[in-house]
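> Summarising the annotation, TrEMBL assigns transmembrane segment to 100-119, 125-142, 154-177, 183-202, 234-255, 261-283, 324-344, 356-374, 386-408, 414-434, 446-479. Feature annotation from TrEMBL assigns domain 'STAS' to 504-627.
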Amino acid sequence: MGSTGEYESQRRVPVPHSKPFLKSLQARLKETFFPDDPFRQFKNQPTSSKFLLGLQYFVPIIEWAPHYTFDFFKADLIAGITVASLAVPQGISYASLASIPPIIGLYSSFVPPLLYAMLGSSRDLAVGTVAVASLLISSMLGKEVSPTENPKQYVQLVFTATFFAGVFQASLGILRLGFIVDFLSHATIVGFMGGAATIVCFQQLKGILGLIHFTHETDLVSVMRSVFSQIHQWRWESAVLGCCFLFFLLLTRYFSKRKAAFFWINAMAPLTTVILGSLLVYLTHAEKHGVQVIGHLKKGLNPPSASDLAFGSSHLMAAIKTGIVIGIIGLAEGIAVGRTFAMFKNYHIDGNKEMIAFGMMNIAGSCTSCYLTAGPFSRTAVNFNAGSRSAVSNIVMATAVMFTLLFLTPLFHYTPLVVLSSIIIAAMLGLLDYEAAIHLWKIDKFDFFICLGAYLGVVLGSVEIGLIIAITVSLLRIILFVARPRTMVLGNIPNSGIYRSMDQYQIANSVPGILILQIDAPVFFANASYLRERISRWIYEEEDRLKSAGEASLHYVILDLSAVGSIDTSGISMLEELMKNVHRKGLQLLLANPQSEMMKKLDKSKLIDKIGQGWIFLTVEEAVSACNFMLHTCKAIHVAVDQNAEENKV
């Protein structure tokens, strides 16, 4: 089609200077593992200051404790006591969900919060046991060892799984691998949590109906079969109590949602139900009429359990697998909750610091008779609404739990199990976020089906199957978007030099004789073949359209590469093959706004020379101007040639 050498307004696209491979690799690794540049505060600091800054980085309490005020303490004292009123009944309830002795749930609300207060970066996160992790522990480890037949071995496996969860979490933080947790998308978490909440609610029918024998399976069919196959063993006394307590808990939640100032009503409701239930059983001797109670809880602080870690057990691999799964779930929920409430107060939490804090508190917890702890939404919401100002609220909560362990555990002897079931159901109903699912449907149907797949996987299969389905579908989506990137035809916005998608902008007009295409993703081996075929199809379709419309034939193909941040050797080969195919058709290929990475690769592969430096432009507008200039020049030349031919005939 000629050269653009006469097109004077062209500004050349420079080839940036190449960096040595090691420097490029170092820069890439830094962006991958240290996007927040955590070492910037150490620059130009004396050694003593660097040591102090390092301590403050790994132990944040050293940084904020000197500035802590009495006003902060008053707020944290109220918040901590309020959260403790929720933590005690929840700890006992979630322990029963994990099929471990209730006292371990109380132990787990003492040591871990103290460690988090020193190592965590969130001011609002309230540490404690979580329902979904408790369910996972019961379902995964219960298949290996029966919690009723071998309770001691089962508890040892629970501590071992907690230890490996902590090691996994801390390792992710130390190695700066926090981005792995980001593969659990919002849609995945909504579906997974909703499915787990559904199963947990149905499993609590055991406590509500006063059943003694119940299935260890977590799928809906098995649970319902277990419920309805024992109709003759249903206890109406337990069912009436359970429904009354559940109604009370849901009513208090309703009032607290209607008016934020009443949040404390909802926060105190679980402890209130425990007290009322215990008094009712004690006064009526209901335990003699089929109402099951917690029974004896021994007084005293956490006994050491490091010697109980079952590293030599034949079920060690199951404990490791369980630890990794519950570790991921704990991190995903804890960090998501922490970031949510940090956003409300306009401060930032460090995801990698949180991972280290979670990991260390679970490692320490496994050695002090605790099982997995994280940052549950319910406790954190109560802590936030109660006006917490710092992590000291966790220390206050842990102190209140310590007081309970030392002096108050005998008072829980008559607490009916049906109350614990009611507390769990009320908490789980809050995880059934149907509004989020409806929002996903409105915004992104693909995200909705990821959410639905995770939900159905948990409800109809198991918690592990639901998690696998959710992660697999999320990864497939990534692969699909990467392997099949969007390409679009651009048109000119009238009376401007702006070129936008003709599918989005109905007023955009195609440019006669020119096809402008935009590639909306990096070009590499996974999508190179697809892009070559898709661009060829765009060219075929444009030629057919012009032919059927009787318009001027196609002469130029412009590729807008402004969204192509990187390209590999497969992408370079694709461009070279595309150029040959375009030339074979008698067309000319132009490149607009290639990024620095692409220009380096084009230069090193000598493809710039093959395409021609004159056919690479800074903007789409300049590329179109050059094409129009050439088209008009060629037309003028053809007219002049025709005139000379006519004159020669005469």
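We count from 1, first residue shown onward.
In case you wondered, yes, glycine gets a Cβ from its N, Cα and C as well.
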> For a three-state summary based on DSSP, what are the helix, strand and coil counts in the domain 'STAS' (504-627)?
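Summed by class, the stretch gives 63 helix, 21 strand, 40 coil.
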> Where, among 125-142, 183-202, 234-255, 356-374, 386-408, do we find the most CB pairs under 8 A to the transmembrane segment (100-119)?
356-374
> Is the transmembrane segment (324-344) packed against any residues at least 6 beyond its ends, judged by a Cβ distance under 8 Å, and which are they?
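Same-chain contacts beyond the flanks: 121-125, 130, 132-133, 136-137, 140, 161-162, 164-166, 168-169, 172, 178, 181, 184, 189, 192-193, 351, 354-355, 358-359, 362, 372-377, 380-381, 384, 464, 467.
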> Relative to the transmembrane segment (386-408), which of 261-283, 356-374, 414-434 accounts for the most Cβ pairs at distances under 8 Å?
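Most contacts with the transmembrane segment (386-408): 261-283.
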> Could you check whether the transmembrane segment (234-255) packs against the transmembrane segment (261-283) - three or more CB pairs closer than 8 Å, residues at least 6 apart in sequence?
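Between the transmembrane segment (234-255) and the transmembrane segment (261-283), contact is present.
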> Between the stretches 125-142, 183-202, 356-374, 414-434, which one has more Cβ pairs under 8 Å with the transmembrane segment (261-283) than any other?
414-434
> Would the transmembrane segment (125-142) count as touching the transmembrane segment (356-374), i.e. at least 3 C-beta pairs under 8 angstroms with sequence separation of 6+?
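By the criterion, they touch.
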> Taking a Cβ cut-off under 8 Å, which residues six or more beyond the ends of the transmembrane segment (125-142) line up next to it in the same chain?
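Hits for the transmembrane segment (125-142): 83, 87, 90-91, 94-95, 97-100, 105, 108-109, 112-113, 116, 154, 157-158, 161, 192-193, 196-197, 199-200, 203, 216-218, 315, 318-319, 321-322, 325-326, 329-330, 333-334, 337-338, 341, 361, 371-376, 379-380, 382-383, 388, 391, 393-394, 397, 424, 427-428, 431, 462-464.
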> Suppose you look only at the domain 'STAS' (504-627); what would the mean pLDDT be?
89
